[in-house]
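K.L.:
Sharing the features that TrEMBL gives for it:
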- 28-103: domain 'DEP' (DOMAIN)
- 281-384: domain 'RGS' (DOMAIN)
Amino acid sequence: CTLNPVSINQKFICKWFMHAIVVEMQDPKNGVKNSVQKLNVTTIPHAAAGNDIIAWINTKMKTTVEEAQVFGTMLVAYGYIYPLKNHNKLVMCNDSSLYRFQTPYFWPTQKWVPEDSDYAIYLAKRNIRKKGQLEPYEQTHYNHLHEWLNHKWEFIVMQATEQYKAGRDRNKPDRVIFDCQERAYWMVNRPPVSLWLFVRGLVCTHQWLLVKKALMGSKVKSSVSLGALVKYITTYKNHDPFLAPCQPSNPWQTDHDAYWTLNMRRVEAPTKMRVERWSFSLFELLTDLRGRDDFKIFLKKEFSGENLAFWEAAEELKWGTASSMSTKAETIFKTFLAPGAPRWINIDGRTMGLTVKGLEHPHRYVLEAAQTHVFLLMKKVSLQLHLTLIIHEDMFSDSALTGKALRFISLGHILPLPEVSNIQRDPEEGSEPRDS
């Protein structure tokens, strides 16, 4: 295919752009020059130096050397090229470091979904070959998969053993090349945490998502994704400052700070727009500290306040300091999870067992399963009851909206009620309106 020079700084990268570039790199006449190299005592064919690859990209795409090196690093990070020596370093070095093109079978455009069972077979085979001497992160994954896939571990070990025996029948160069290709694939798809954070730092979060989606293809139908986008825009259009004006005024344009005053984190009387946003989702309600306080009062009346308390404790553990992690985990166990705990939460036995076992060696996400279970329970049971039954008259009693926009939330929608002045009042009750 014909490729026009494309700037590395473009926001969108064509789905097949990297694929086509790598294919053209391997052209025998006009591609990157390669040669036979020695890796330890093994001869490796078709190996290329990093400076040769960067020079080819620089000439082909008419960019600077720095941009060419960045693009080469992206090719390594996505698994089109892999280093022969330092497998844990997914960068393109502008020196004589040796690289090799990945076999097309492992390219991202093949859309081969990396399954846990496949990774378990690879680790079991590597464990046999290395006689139990795995890398620390590989050993961690191996132990986790052994526990997770324990019901079919015999099958996994059998497959790994057969693949190991079949690999021994190949000659040594082919065996070394296949091992490097397979290890490079799993280094990209099951990387160590530090390497994953480095790859995430190559581009900003939004650009990373766009590039990955362009390379791997859409996982859902376009009609479904477009429908979800339209639904999201319809829901949030009145709350987007680019689509709707700020109420009562934009403080950056009028030098009037009423907008900030009305939207303080724990203001006594929240605005109608703020209350309306709570009905969009439980996440929106809990993100707003004012809404969370009201929801907490409601849960206490329903005798289920421990659910929100546990969710908040899990958030503190997740985002707190590392030095206090053990203390917080012990406190959470004694308060919410231990038998006879004062604020014991009601979760299923499997989730309780995994959570209690994980607290023996606590980390930031040890409560993820239990927190998700409690979150879904509040979303399914408590949220709709809270939004349906509570009339926000008390919230608006001292605000400028009283008498103009008394509203209540029902099943996620804002429904209008009659004006306060039109509500019939009972003479014996003074100024209090009757229940609507």
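Using the three backbone atoms N, Cα and C, a Cβ is placed for every residue, glycine included.
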K.L.:
Looking only at the domain 'RGS' (281-384), what are its DSSP counts of helix, strand and coil residues?
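P.N.:
Breakdown, helix to coil: 74 helix, 0 strand, 30 coil.
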K.L.:
Tally the residues of the domain 'DEP' (28-103) by DSSP class, grouping H, G and I as helix, E and B as strand, and everything else as coil.
P.N.:
25 helix, 20 strand, 31 coil
K.L.:
Average the pLDDT scores across the domain 'DEP' (28-103) and report the rounded value.
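P.N.:
Average per-residue pLDDT within the domain 'DEP' (28-103): 87.
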